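TrEMBL annotations:
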- 9-21: compositional bias 'Polar residues' (COMPBIAS)
- 48-185: domain 'YqaJ viral recombinase' (DOMAIN)
- 1-23: region 'Disordered' (REGION)
């Protein structure tokens, strides 16, 4: 569903779900219109994750609506129902989550310098006054500026494409969620692109979008409280979630011959695979024809783009077969069990 479609989404009837396990915040301690559920400055990581699991946070908003390109509804549902651990920054220096955390204060500092405002941490998980499952962690509160909230983002050169036309949809939904929880009218998003370009974008409150966002999030939260998995989509996130949700198979064979929906999906799968095979052969033919035209040249330029065909850098590889023959005892000592994974095979009649 596109952003425009989210604006036009019909209002769902309120979903009644149990919130008795949610810790209701102290109504005397508020941040804007939101309740302070819990202070986070002295909260350990384990407890912080437990509190985040009690509702839908701002960074969950797009995934809850099925609009996050990196996380599906199914994967988020598995996190919220405790089936898998939420993604968190690690010590791996290749992790975007790590660098997002490391660079957040730098982004906030330079935002303050550019705008002449002051920023400070909120250090609390906030809770919507009317929807207790609707939570928010704010990056910074802005003091003396044109807007009261700041969301800090970082992206590498590869991820910069998501910002080529402004704030990506999933970030816009994150900020609208924050505005819904706090009641504020606007927020700034400061993004550091490829470590060298700081952009600042203004997000204005959109009441129609927020109304539909709440309805979609409420429908998702109902699935969490009732333990009803959302439908899988085509994303890699859904594939990961399905492998974790159903890691092992039984010997059972389902008879779906009378299931019209499943039979339609199977027939469509057969057709799509047939078309993919045809297109794969066509792709190989065109590739080989162009390689033949290229010969020993490295690149070729066309009206609409270019191709290259060049050698990769030499590398070394470990010869495990030779090592096993020369050192069988040592090879056996370092063997570790590896769990089998399920293979999806299609066998037409």
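The count begins at 1 with the first shown residue.
Even glycines carry a Cβ here, placed using N, Cα and C.
Remember, TrEMBL labels are computer predictions, not curated facts.
The predicted model assigns the domain 'YqaJ viral recombinase' (48-185) a mean pLDDT of 92. Applying DSSP to the domain 'YqaJ viral recombinase' (48-185) sorts its residues as follows: 59 helix, 23 strand, 56 coil.
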